[in-house]
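Novice: Let me begin by handing over the structure; questions about it come next.
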Amino acid sequence: MPKVRIYELSKELGRSSKELINILHDEFGIVVKNHMSVIDEEDAELIKEMLSESNDEDKKSDLVEEYEDMISDSIKVRKNKKVKQKDKDKENTDEDEEEEQEFDDVIEIENTITVKDLADKLKKPITEVIKELMFMGVMAAINQEIDFETSSKVAAKFKVDVIQKAEEADKKELKSEFENEFEEDEDEGTWIKRPPVVTVMGHVDHGKTSLLDAIRKSSVTETEAGGITQHIGAYTVKMNEGKVTFLDTPGHEAFTAMRARGAEITDVVILVVAADDGIMPQTKEAINHCKAANVPIVVAINKIDKPGANIDRVKQELTEHGLIPEDWGGDTICVPVSAKTKQGLDSLIEMTILTADVMDLKADPKRHARGTVIEGKLDKGRGPVASLIVQNGTLKVGNSIIVGSTYGRIRAMFDDKGKKIKSAGPSVPVEILGLSDVPEAGDKFNVVKDEKTARNMAKIRVEKLRSANLASKHKVSLEDLYSQIQEGKVKELGIIVKADVQGSVEAVKQSFEKLSTDAVKVRVIHGAVGAITETDVILASASNAIIIGFNVRPDNNASALAEKEKVDIKTYRVIYTAIDDIKSAMIGMLDPEYKEEVIGNAEVRHIYKISSIGTVAGCYVTSGKITRSSSIRVIRDGIVILEGELASLKRFKDDAKEVARGFECGLTIDKFNDIKEGDVIEAFQMVKVKQEG
C-alpha cells in the first residue's frame, strides 16, 4: 500500500508538521516519530476528510469510529501477513492484548531466541523443536540462540505465525530514524544564516597559528610546544562583518583523516603561504587535499612585512598549481597579510565571509542539534571529553546524544574560551562532558529524545559497524578496479604519483592522464618528489586512490598504514611498465565476461526420503570437489534434468563448505526432489574472463 510522509500531509492540510503529529497522537492515537515518518495513504485520506469536516462534531465522531475500525482491521491483516508489529502507545496496550487473544496461532519473539524459550512459547516439547531444527540442517543445543528467520520456519511447522517483538521493531524504527536524522526539515521558515567553518592550512612555520592568533587577538602560540600546533583547536571570532569559526589543525593530515571518516565540516580553507618562502611541499599537498574535497580556497600570502617578500612570485607558483589569482584573470582570492603587523587581516576575513556568502550557508537553530566531533580525549578528572562543532540545531546542557558508536547525556558544556555555557547554536565549537566513551575525530553526533533512545541507537550503530567491518568495501587496487571506483556513472581511477625527480613526476602525470577514455577517467590527485609517506597513504585512503612510485619506496610507517588502510602501493623503475599496468586495470574496469568452469562431479548412490526436508541424495564425489556455494546440474543418462542450487551439503551430520574427490556426502537440492540413484551431480561456477585491450 502506498505511504505518505507526515511533512507532505501537513503541507496538504496547511498545518505544521509538529501540529499534525500532536493531532495524530491526541485525536487518533497514532504515534509517529518525526516529520519523516510515514502512514498508509488510506489512513491519510481519512485524516484529511476528518480535519476538513472538523466543525461537524457528529460527523467527526462517526469518522473517528470508522477510522478506528479500519485501523483495527488493518492490524489484523498485517498480523496475518506476518508484517512486523510497530511500536504501540501505552494507551493502546489493552486493545493490543485483546487483539493478540484473537490469534491463537500467533506468537511474539525477539530478534534472537534460545531453543528452550522457543519451545516454551510454542508450548511444544524441546525434543520436537530440536528435531525440526535438525531436519532444517541446524544443530542447536537447548540454550543456543537461533535467529528470527529460523524461529519463524520452525514455528511454521507447528502452524504458528510469528511476529517480531515490539522492542525489535522499535529498534528498526530507531535505525530508520537515525538514518533520516541528517535530513533537513522541508520547512525552511526557521532557517537562518550560519557562520562559516574555516580551516587554516599551510606549510610548517608559514604562520598558520600566528595568523589565527592575530585574528583572535589572543596568545595561543606561546603556550604550544615549539610554536607548532599540538591539537585540533576550534575558535569563534566576532568581526564587524559577522562571526567566523576557525579550525586550527595540525596540518592537512587531520583534515583528510576526518574527510576519510565522512566528516565534511569545512566550508572554506584559508591556505597560508609565506611571501618569502613560496609554495612548499606541504603547501602543495594541502592544495591537492582541498581539491579532492571540493572545498573553496582563499589564499593568505603571509609575512609580507619581511624584506625578502615577493607576492608576485607566490602568485606565479599558485598559478602553476591550478590556483589562478583573481587579479590575474582567475577565480582564486589572494590576500596579502602580515600576522605580525596585522596588515590585511580585515580584508582576509571580509574575503572569507564573502566566499561563504556565495555558498548560502544556512541552518535551523530550532531543530535538534547535529554536528561532528573535532577531537576526543580521556581526562583523568572529568572522564571522556569531546570537542564538537554544531552544524545544525541548538545543543543544550541535559541533551541526550549519540556520538558515533557512543552515547551520553551532556552534563556540562564549555565554549572555546573555557567558559561554561548552557547552549550552542550552528557553527559553534564546544567541549562537552557526559559521554560513555571517547569518540573519534570525524564521528557524527545527533541529539535524541532521551538516554534510552541514545543507548539503543548506539547499539544499532555498533551492529552496523560490525557488519560493515565483516563486509567492508575494499580500497581500490589495480587487481580489482572496475568494481571499486565509480563517480556517478563515470568510472574514475585516482592516482598519487611519487618519484625521485620532478621531471619524472610531470612526465608520469601527463602519460597517465592521456590514458583516460569514455569508460574510465584517470585523474592524478597528487604528484611530488620524495619517498612515499603516511600523508600520501592518508590522502589515498580518503580519495580511494592508488599510489604509484618511481625509483622511490614507502617508508616503514607508510607501509604499515597502507596495509591497515588497504591502500594499494605500486613501485616501478620503468614508466612503460606502469602504463601497461594501468591499461590492464582499466580493461578490468569494463564490464567483465564470464565463462563456465566445472569444478567437480558426484554420483548419487543412495536416496533418503525425509518428510520435512524432502529427498536427500547420498553421493560419492568422483572428480574435483562439490562446494556448498557452487551451482549444480542433475544429469541423468547424459541429459541435463535440472540446473539449480544446493539447499544443503553435509558430511555425516555436519554442514560442509566443500567435499573433495573420494569422499561421501549428503546433499539436498533447492526446490527439487526427483533425484534417482545413478544420477550425476555436476558442480560448476562462473569465472571472469580476462579481456583484451
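A Cβ is built for glycine as well, from the same backbone N, Cα and C atoms used for every other residue.
According to Swiss-Prot, the protein carries these features:
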type     : residues                  : note
REGION   : 78-102                    : region 'Disordered'
COMPBIAS : 92-102                    : compositional bias 'Acidic residues'
DOMAIN   : 193-362                   : domain 'tr-type G'
REGION   : 202-209                   : region 'G1'
BINDING  : 202-209, 248-252, 302-305 : GTP binding site
REGION   : 227-231                   : region 'G2'
REGION   : 248-251                   : region 'G3'
REGION   : 302-305                   : region 'G4'
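So that I understand the layout, could you describe where these features sit and how close they are to other parts?
Specialist: Taking the domain 'tr-type G' (193-362) as a whole, pLDDT averages 79 in the prediction.
The list of residues near the region 'G4' (302-305) in space but at least 6 beyond its ends in sequence, with Cβ under 8 angstroms from a Cβ of it, reads 202, 206-207, 210-211, 272-277, 311, 336-341, 343-344.
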Novice: Helix, strand or coil for LYS208 (GTP binding site)? Use DSSP.
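Specialist: Assignment for LYS208 (GTP binding site) reads helix.
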Novice: Near ILE304 (GTP binding site), how many other Cβ atoms are within 10 Å of its Cβ?
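Specialist: Total other Cβ atoms inside 10 Å, all chains included: 21.
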Novice: Hey, what's the Cβ neighbour count for LYS208 (GTP binding site) at 10 Å?
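Specialist: By my count, 27.
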Novice: Tell me, how many other CB atoms lie within 10 A of the CB of ASP205 (GTP binding site), whichever protein chain they belong to?
Specialist: 15
Novice: In the region 'G4' (302-305), how many residues does DSSP assign to helix, to strand and to coil?
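Specialist: Computed counts for the region 'G4' (302-305) are 0 helix, 1 strand, 3 coil.
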